[in-house]
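Here is the structure we will look at, set down as structure tokens.
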Number of protein chains: 2
Amino acid sequence: MLEDKNPQKTKLEQLGEFGLIKHLTKDFALQQKSTIKGIGDDAAVLDFKDNKAVVSTDLLIEGVHFDLSYMPLKHLGYKAVMVNLSDIYAMNATATQITVSIAVSNRFPLEAIEEFYSGVALAAEIYKVDLVGGDTTTSTKGMLISITAIGEAKDEELAYRNGAKPNDLLVVTGDLGAAYCGLQVLEREKEVFKVNPNSQPDLSEYTYVVERQLKPEARRDIKELLKSLEVQPTSMIDISDGLSSEILHLCEESQVGCNLYEDKIPLDPTVIAACEEFNIDSTLVALSGGEDYELLFTIDQKDFLKIKGNPNLTVIGHMTDKNEGAHLVARNNSKIPITAQGWNSFS
Amino acid sequence: MLEDKNPQKTKLEQLGEFGLIKHLTKDFALQQKSTIKGIGDDAAVLDFKDNKAVVSTDLLIEGVHFDLSYMPLKHLGYKAVMVNLSDIYAMNATATQITVSIAVSNRFPLEAIEEFYSGVALAAEIYKVDLVGGDTTTSTKGMLISITAIGEAKDEELAYRNGAKPNDLLVVTGDLGAAYCGLQVLEREKEVFKVNPNSQPDLSEYTYVVERQLKPEARRDIKELLKSLEVQPTSMIDISDGLSSEILHLCEESQVGCNLYEDKIPLDPTVIAACEEFNIDSTLVALSGGEDYELLFTIDQKDFLKIKGNPNLTVIGHMTDKNEGAHLVARNNSKIPITAQGWNSFS
């Protein structure tokens, strides 16, 4: 689908670099008051007045972070934005601007890049962030994406990784493990397709998990939700590499320990069903699967009643003194040390 | 030199992704008052108070933007930062923070990445910018660098591309064409090396042009210089793609024309000598060579006496009505239309 076999597809050299940027970004409206100048100068100009600015950046490589054989380009554009916005939301901040740079080899026609940017545009529109800069260039192999997200927050709203205290409650948004299950389904279908290219997969029972993999949503809603509940998180991080890895980050940065209760980890029924089908442990998937883009945060115990029963939030444990270490309290009440099994891109 | 043939070199998988970021960034001191939180959380936190924030980003690909066969990694780290700071300075702003992301294939040992980061560190120290974020990951081929630079300026200091008026003077900093000449020298040495790997090149007479290619300096000094001269540029852009391309950008964005005088274009004597040796036209090199990272700006005619005679600044032309077009006024007084010959990465 991506190979440039169709003579009607537009080759990138027809547009040139400047023409390409102009072409791709002409329909991006600016929505943020803080955006004074977007694309079209040496740099974007932003105005945060009394708020603090927050900045996060990610580099995504074809064959390492995404596989175009099952990732439609529009979804990829959307997801690449989500990955970055999630980092901004994990500061308890509001995302306001993004820059998007891509490099593509000459096997990509203009139409493929347009598909990618249509996903970026959709994400920018839904999440109300302005595209204010970027770069397009050739790569010698495959596709590369670099996104920087910028956001803002009042000083007292910001939630760092180092603010958790012993006895704080550990809270997670949404449910975990679905993105990893979706990946397993897609990998299996890819293998089936290799053997029998005419097979028509029926993925209807996997809709939720596949969507969590291909079109994740970042938790833009949580900052507002916590504000309305009058809860200020004491620490916060996003779950991109799996729950265990993120808990260890919070523990290390905050110099605390943690008890995580296995029976409290929120799992969607379709995740449990998929784990049974693939014969993998659902707790392990939640702990190490990654790509959930949910938020993990801690709150003072006094705020428990404010969040109790909220369908978006689950208390899954509590922080302890540092010397108690970080443990999973299993269903049989045994305590298992949590180890970093987060994604290691060099292994 | 980069191949991991030496068993004493450290493989990246020994450190893992988080270990690698920590290891590479531990010696970066924070120097900017506006940096509240640097590396180590989901996002950096910046505080610009009453100033406007400016943001610029670039993606650099091995084999497209740089060639490691003659570009030492430390120089590459330094230059990659310069490329981005130059965009910030071209807004007449002060650069304050950078994020640096790299992807490398497994042929790079840790020591190679450290070399790269030592160049980033040197640039950060000299140019007083804080490294506040980034990403390290694997690539399937070669090395990729993505840098985002952030800066600040008062509203009234900012210089956009669209502020030039007819009769404004066109001014350039430093001299042009040297980086391109340096590239020609390095390319020639590479060819010689292929034929005779034992040859020891004597590049002493090319020191200036080679240094302009391998270790360019961005014009951090110009904002302060113009302020001290009490000159506010009406428009500004950096010369990354060559003078002709940048003049056309200013003309298009400002809706003006331009007369550029060939005999005013500042050329270093070593550039003229190198152009004679390589049998290339020095004006063409200045117009289209690129990578000079000088600043091109316009000023009101009334400010002419304030900048006259300053060794950093050369008046090379003036803006005209849009319908007069953009022309090079040659030494023989003939007028030649300026065409975009700036770098087209897709050609």
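Every residue, even glycine, has its Cβ placed from backbone N, Cα and C.
What TrEMBL lists as domain 'PurM-like N-terminal' is B:40-152. Taken from TrEMBL, the feature Mg(2+) 4 binding site covers B:Asp42, B:Ser56, B:Asp87. According to TrEMBL, the feature Mg(2+) 3 binding site maps to B:Asp42, B:Asp87, B:Asp238. Per TrEMBL, the feature Mg(2+) 1 binding site maps to B:Thr57, B:Asp58, B:Asp135. The feature Mg(2+) 2 binding site is assigned by TrEMBL to B:Asp58, B:Asp87. The substrate binding site annotation in TrEMBL covers B:His65, B:Glu291, B:Trp343. Residues annotated as ATP binding site in TrEMBL: B:Tyr117, B:Gly134, B:Asp135, B:Arg161, B:Ser240. Annotated domain 'PurM-like C-terminal' per TrEMBL: B:165-325, in sequence order. The Mg(2+) 5 binding site annotation in TrEMBL covers B:Asp241.
Distribution of TrEMBL features across the structure.
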| residue | record | DSSP (3 states) |
| --- | --- | --- |
| B:Asp42 | Mg(2+) 4 binding site | coil |
| B:Ser56 | Mg(2+) 4 binding site | strand |
| B:His65 | substrate binding site | coil |
| B:Asp87 | Mg(2+) 4 binding site | helix |
| B:Tyr117 | ATP binding site | helix |
| B:Arg161 | ATP binding site | coil |
| B:Asp241 | Mg(2+) 5 binding site | coil |
| B:Glu291 | substrate binding site | coil |
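In the structure as shown, the Cβ atom of the residue listed as 'Mg(2+) 5 binding site' sits within 10 Å of 24 other Cβ atoms.
Cβ environment of B:Ser56 (Mg(2+) 4 binding site): B:Asn84, B:Asp87, B:Ile88, B:Thr148, B:Ala149, B:Gly151 lie under 8 Å away, each six or more residues apart in the same chain. Note: B:Asp42, B:Asp87, taken in sequence order from the binding-site residues B:Asp42, B:Asp87, B:Glu291, have a C-beta within a distance under 8 Å of a chain A C-beta. Its Cβ taken as reference, B:Glu291 (substrate binding site) is surrounded by 22 other Cβ atoms within 10 Å in the chains shown. For the binding-site residues B:Thr57, B:Ser240, the largest tally of other C-beta atoms within 10 A is found at B:Thr57.
Just so you know, the Cβ of B:Arg161 (ATP binding site) picks up 24 other Cβ atoms within 10 Å once every protein chain is counted. Other Cβ atoms within 10 Å of the Cβ of B:His65 (substrate binding site), summed over all protein chains shown, number 22. Looking only at the domain 'PurM-like C-terminal' (B:165-325), the predicted model's pLDDT averages out at 94.
A gap of 11 Å separates the Cα atoms of B:His65 (substrate binding site) and B:Asp58 (Mg(2+) 1 binding site). Non-local contacts of B:Tyr117 (ATP binding site) by the CB criterion (under 8 A, 6+ apart in sequence, same chain) comprise B:Leu24, B:Thr25, B:Gly77, B:Val100. The residue listed as 'Mg(2+) 5 binding site' sits 6 Å from B:Glu291 (substrate binding site), taking the Cα positions as reference. Rounded to a whole value, the Cα-Cα separation of B:Glu291 (substrate binding site) and B:Thr57 (Mg(2+) 1 binding site) is 16 Å. For the pair formed by B:Asp238 (Mg(2+) 3 binding site) and B:Asp135 (Mg(2+) 1 binding site), distance between Cα atoms is given as 27 Å, rounded to the nearest Å.
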